[in-house]
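If you check TrEMBL, you get these features:
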ACT_SITE  Glu285  active site
ACT_SITE  Asp366  active site, proton donor
BINDING   His284, His288, Glu362  Zn(2+) binding site
DOMAIN    27-210  domain 'CAAX prenyl protease 1 N-terminal'
DOMAIN    214-418  domain 'Peptidase M48'
TRANSMEM  6-23  transmembrane segment
TRANSMEM  68-87  transmembrane segment
TRANSMEM  155-175  transmembrane segment
TRANSMEM  181-203  transmembrane segment
Amino acid sequence: MEFPYMEAVVGFMILMYLFETYLDLRQHAALKLPTLPKTLEGVISQEKFEKSRAYSLDKSHFHFVHEFVTILIDSAILFFGILPWFWKKSGTFLPLIGLNEENEILHTLSFLAGVMIWSQITDLPFSLYSTFVIEARHGFNKQTIWLFFRDLIKGICLAIVLGPPIVSAIIVIVQNGGPYLAIYLWAFMFVLSLVMMTIYPVLIAPLFNKFTPLPEGELRLKIEKLASSLKFPLKKLFVVDGSTRSSHSNAYMYGFFKNKRIVLYDTLIQQCKNDEEIVAVIAHELGHWKLNHTMYSFIAVQILTFLQFGGYTLVRNSSDLFRSFGFDTQPVLIGLIIFQHTVIPLQHLVSFGLNLVSRSFEFQADAFAKKLGYGSALRAGLVKLQEENLSAMNTDPWYSAYHYSHPPLVERLAAIDAADKKEE
């Protein structure tokens with residue numbers, strides 16, 4: 001008797017949904033609390049707290065509906081054999097346009113085209129509601145409906161241009177990889193990630209946002225001085241027009257080796273009237289670089305990617321596994337999809353572990369900025385970001401431990417204050 005892999009996968013998906021819904025309910029209860037955490041009393045205004053609470057509860061209600069619909073659709077697709085049915089239908093479409101359905105690459109691209117159309121249809125109502133109802137209701141959305149659909153069309157065009165050669169290369173590698181398949185797949189994905197990290201900020205990101213050099217002035221001088229003092233190879237300092245889409249704010253850095261760039265959202269500059277707060281946020285980001293957090297994260301991702309491909313090579317020829325999901329053939333893409341579903345338990349554990357590491361890195365980067373003398377400015381900057389983004393003020397400890405890659409504001413301020421007390 002064959003092991004019921006598909007039923008086991010669907011069962012675990014539902015169990016994880018129930019577990020995460022339990023955590024969501026705990027978080028929802030925390031969001032409904034009518035008072036600020038003691039750490040934030042006198043720090044966050046009551047007006048901002050009420051706005052944050054209303055925004056967080058709106059997002060929470062939306063999240064419950066979205067997750068319920070998602071698990072319903074995903075479970076049905078697997079349990080009722082829609083996945084193998086759709087794979088076969090995508091193949092029968094090819095002869096209608098004069099193509100060979102026996103060609104696995106063409107069959108896979110036809111299947112992915114159908115999946116993309118389906119995902120757009122099912123995701124679009126949620127995206128529209130999130131952007132033009134929830135985000136707009138709380139003053140964040142700045143997009144017009146035209147800009148929204150223009151971005152959507154650009155994203156689809158990019159997928160059409162970049163997807164086929166990548167998918168084709170993966171299929172060819174799997175078909176010809178032999179005993180070193182895991183190494184070849186990992187090497188391909190490693191090179192692809194480097195290429196994408198190189199071309200994304202130069203060719204892809206500008207398709208969606210406008211990047212302009214930060215104007216000469218005191219803020220630019222302070223950031224350049226900070227970067228120079230840390231020997232950070234800053235080559236370009238940009239401002240991105242995030243305000244064309246949202247009033248949420250952020251800052252980030254990217255680049256290889258001696259060609260680093262820092263990007264500030266224009267909303268961050270507008271919201272933080274004090275330059276020191278912005279510089280403190282940049283000091284935190286530079287802390288990640290100085291402490292090699294970016295490198296450690298990249299290495300961890302590469303190791304996990306290699307292990308995943310290693311696991312895939314062990315099961316890709318399992319006819320029992322494919323039959324359990326309703327397939328009488330063993331297409332490369334379907335094998336990858338099935339494998340991803342079968343390792344869901346391990347993925348959740350790995351994700352939890354990575355979140356723990358990421359939270360530790362955030363505390364370290366905060367401490368780094370504080371050692372540079374930006375403790376009070378960082379504190380003020382974190383509070384300002386929390387207020388302006390209307391982030392959740394009350395968080396359930398179980399929920400945040402499981403989901404958050406960044407510690408809640410209460411914990412970060414407590415860590416900064418604890419460091420101050422130690423110094424005293």
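Cβ coordinates come from backbone N, Cα and C, glycine included.
Remember, TrEMBL labels are computer predictions, not curated facts.
Positions of TrEMBL features highlighted on the structure.
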residue : record                    : Cβ neighbours (10 Å)
His284  : Zn(2+) binding site       : 24
Glu285  : active site               : 18
His288  : Zn(2+) binding site       : 20
Glu362  : Zn(2+) binding site       : 21
Asp366  : active site, proton donor : 25
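Report note: the Zn(2+) site is defined by His284, His288, Glu362, and the residues of the same chain whose CB lies within 8 Å of the CB centroid of those residues, excluding them, are Glu285, Gly287, His293, Phe361, Gln364, Ala365, Asp366, Phe368, Ala369. Note on the domain 'CAAX prenyl protease 1 N-terminal' (27-210): mean pLDDT across this stretch is 92. Distance noted between the C-alpha atoms of His284 (Zn(2+) binding site) and Asp366 (active site, proton donor) is 6 Å. Rounded to a whole number, the distance between the Cα atoms of Glu285 (active site) and the residue listed as 'active site, proton donor' is 9 Å. Cα-Cα distance from Glu362 (Zn(2+) binding site) to Glu285 (active site): 9 Å (rounded to the nearest whole number).
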